[in-house]
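As recorded in TrEMBL:
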type	residues	note
COMPBIAS	B:756-776	compositional bias 'Polar residues'
DOMAIN	B:454-559	domain 'TMC'
REGION	B:730-776	region 'Disordered'
TRANSMEM	B:183-204	transmembrane segment
TRANSMEM	B:256-276	transmembrane segment
TRANSMEM	B:361-381	transmembrane segment
TRANSMEM	B:393-413	transmembrane segment
TRANSMEM	B:425-447	transmembrane segment
TRANSMEM	B:515-540	transmembrane segment
TRANSMEM	B:561-585	transmembrane segment
TRANSMEM	B:621-645	transmembrane segment
Amino acid sequence: MGQGKSQFTEEELQDYEDLTYFTKKEVLYAHQKFKALAPEKVGHNKNAKLPMAKILQYPELRVNPFRDRICKVFSSSNDGDCTFEDFLDMMSVFSDNAPKAVKAEHAFRIFDFDGDDMIGVSDLREVIERLCGPELKLSDSEIQQLVQNVLEEADLDDDGALSFAEFEHIIDKSSDFCHSFRIRL
Amino acid sequence: MEDDMEGIELKPASMRRTFTLRNNVARQAAVNFMPSRKVAHTGTLRSRRANSEHNALLEASMSDAPDAADKQADIIVREMEQHHQLMEDNPLSEELRREALRDLPQGLTMKRNVRAKLSASVSLRSKQRPISVFKRMKYRISFTWKKSRDSFRDFVFSIELWYESIRNIEGHLGSAVGSYFHLLRWLFGLNLLLSILLISFVVVPQALHTGGTNGTSGISFLDFISGTGALEDTPLLYGHYHDGDTGAGPLRYDMAFAYFFTMGCAYLLFFGVLCYRTADSYRRHFIEPAGGGGGGGGGGVRARLAAKLFCGWDFGVASPRAAALAARALAHEFRELLNEQNRKTEAASFWVRLGRRSTNVVITTIVLGLIFGVQYGLWLLLSVDTFTDHREIYISLIITAVAAVCPILLNFIVKLEFYEARTAFYVTLARTWLLDIGTLILLLVFWTRSDMPCWENRVGQEGYRLVMLDIPVSLLLLPAIEFIRGLMFNFNVVKTAPEFNIAYNSLTLIYNQSVLWFGMLFSPLLVVAVTIKFLLLFYVKRESALRACQTGKKVWRAAQAQTVLLMLVTLSLFATLFALGSLFLRSPSPHCGPFRRYASALGVLAEGALRLPERAGLRRALLFVSRPGAVAFALLALCVSVYIVRARSGAQQSMARLLRRMLQLQAKDKDFLLSAIEKVSNGEWLYSPKSEEYGADSHTWKYLHEVRKPSNAGYHFDVSRLSHSFLERPRSYAKENRPNSYQTDKQKSNEDGDTDSSFSWQGSSSYLNQTDAEKR
């Protein structure tokens, strides 16, 4: 457990490089970041499982309105607790090198709060409320109007919810998605 | 879900919606079995969504069974096995497999699991047969290429400059401000490369030739700033460069060649890089979002609000204050959009629109007039012969002041006009750029026209002075203002913290870069000055951004603005190349500089490198190619090909529009068919078709009354060719309308006597007929 030495073998790194959008150096860098969240625990076991509260100390996640959803989507145990591999997965999807389609896929899951594989009215309300923050409340009728407008714009098959295809369509039309859906290591 | 649905006001089709939502999983399953979903995914290998749909189904059926993950992996493997490209036992499909795996929206454990299963399956299928030498070569090359690319990325990551700083800035101020720093870093890198190139191929050989000791002792401060006096005869300026061979013994190094080719390569290389980057960025941020055949947003579906909703949050924000600001900005923007939508009902009248248009036109004319006025004044100023010392410095000071103040002025002027916020931004950028580039071209033209013995030196000095004089403005003055405002905000003197003005700061960068493009040819060391300046600028800007500034109150759309900035850098390089090509290449001054031996700078190429005077054939060929006729022909050919490409793109656009329309209709058809199937499978079709439920315009009603109507001739025609068991179906219709055919049909079926399979059909259709009859 030398400080300067890597906790990973060459094969493990190669493995990570194959399965994520990172290079070996970036994987190691990601591990440093992960270790900084809980130095002792990760020092003992490089793939330790950290509770969601610990993961949320990561600066970008701490202030993110969808933080709990992000953790849940990437957690392999589906409860928000993340191992290093889950963390690596998360960072890999949020990295610059991940293609738009992969990002869109995960964004869809993050916004799909009730997990029914559709972004329905309740999901949209939730997204708006979280985006606008706790202090500045939009009124109920405003939110309702927003939801209505979004559905009118984007719900192409008129079923009252956005399916993945419709969601991807929105993403494709927006030039800013790749810029905004990104967390640097 | 239904509870939530009831909570809000629903559209008219609400009943159907709730119904369809309930059956969503089943429907999705049905959709997944459609042929279009089963087609092998070639090329892009986008099988992941299908997988996850399967998984959703799977999860619904068996939630937390211990072997759920294993089964899920099995499903994915089965899905992938259908793509033959993926399953071959060669490096290429191994690479494809790797990419497909990487793109799976699953966790690492799952990916590993899938990979193990896949490789087992591949080795099971593979037939060991020797591959040809050529193929092995191909694989080896592609493998090496990939390896080197990976290690290059690794290397880039480890030397990436200012990584933490930019990340920090993005965390505090959002990725829009970060994009300014990315531009700065990129330009810095570019200039660094350029300086290395120029120093090693031009400056160092010249310095070796001159022999080092050059009286650099007596440089006054003013000389240092204006590049005059003792700096006149240094490698800083064009005139200093030697025109013949340098070097000793058999190794010769022709300075004219070196100067010409290094500069040429530098300009053309960076022009290529910039063009490529700009085009790439333009494609990604302008063309693709507009959609294939959008053509001004007509055909495509524009989902502004939805896009704002899903792409609004900048995930890179890391500080609580910035997050709160971002949330407020978003809420503000949502409100504004809603207001806009509510207001839209009252469309502006014709006269109001006309008034706005004409205001825009008038103000644009005035601004253009002002710009040209300023430049005319500059021309006069340049040609006035006064005998004050350091006249040039004053002129450069004036230019710098104009360049610093004008963006602010133009920014103010654009508020008088009626533009959308984004258009206003672009308009201001374009005007400022026009002013800057116009001034630079003017300087170049003025000095080429002047009868100075070595006018190239003057242009070089001018560029050098502009860069030096801009240093106090952009490195000291502006950050000082920002700091003071930040302090005032901290002590509650003013209410608002200074925003980081991305547009203005980026314009400063572009201005500096344009000066560099213009001056580089006449002052090779200018690159070094600009590089050092950018280096300092980064640190100064970082401090002022982090300590004094805040994120803007408006949401800044980084991606497109970035493209426009890049475009401006490219355009200024293009303008430079154009100006230099038309002014300098023909007439360098005869008594100084590396090209004094030749009649024109192009002579280096023609006489020096190609030795045209000795090669008559080549010269004749070149002369022929450069004749006006040949050039005109080439231009004409270009025009024609542009026209053809344009026409084709127009045709493709309309085709895309057509296809999109068809797609929408098909989706509706599918929806309709699915609900029809659902009804049939629920038995509603057969036993309780509540026809009064459908309005006269509902698809189902139309279907029942028109398509299945017995008088449908095409239908009947088809049926008469079918086998006898199906003939029972139209029989009941035929009772009413076509007694003759009924007779013959009945005879036939009686002869065959085999009608068992048609009972259910008969029942249903006769039932429908009854309802038809009742209606009438």
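Each Cβ is built from the backbone N, Cα and C atoms, and glycine gets one as well.
Curation does not apply to TrEMBL; its annotations are automatic.
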Task: Within the domain 'TMC' (B:454-559), residues counted as helix, strand or coil by DSSP - done: 80 helix, 2 strand, 24 coil
Open item on the list: Tell me if the transmembrane segment (B:425-447) touches the transmembrane segment (B:183-204). I count contact as 3 or more CB pairs below 8 A, with pairs 6 or more residues apart.
Closed with: no
Open item on the list: Give the nonlocal contacts of the transmembrane segment (B:361-381) in its own chain as ranges (CB under 8 Å, at least six residues past its ends).
Closed with: 395, 398-399, 402, 410, 413, 416-417, 427, 431, 434-435, 438-439, 442, 446
Open item on the list: What residues elsewhere in the chain lie close to the transmembrane segment (B:256-276), defined as a C-beta under 8 angstroms and at least 6 residues from its ends?
Closed with: 190, 194, 197-198, 201-202, 205, 241, 243-244, 517, 520-521, 566, 569-570, 573-574, 576-577, 580, 594-595, 597-598, 601, 604-605, 608-609
Task: Arithmetic mean of per-residue pLDDT over the domain 'TMC' (B:454-559) - done: 84
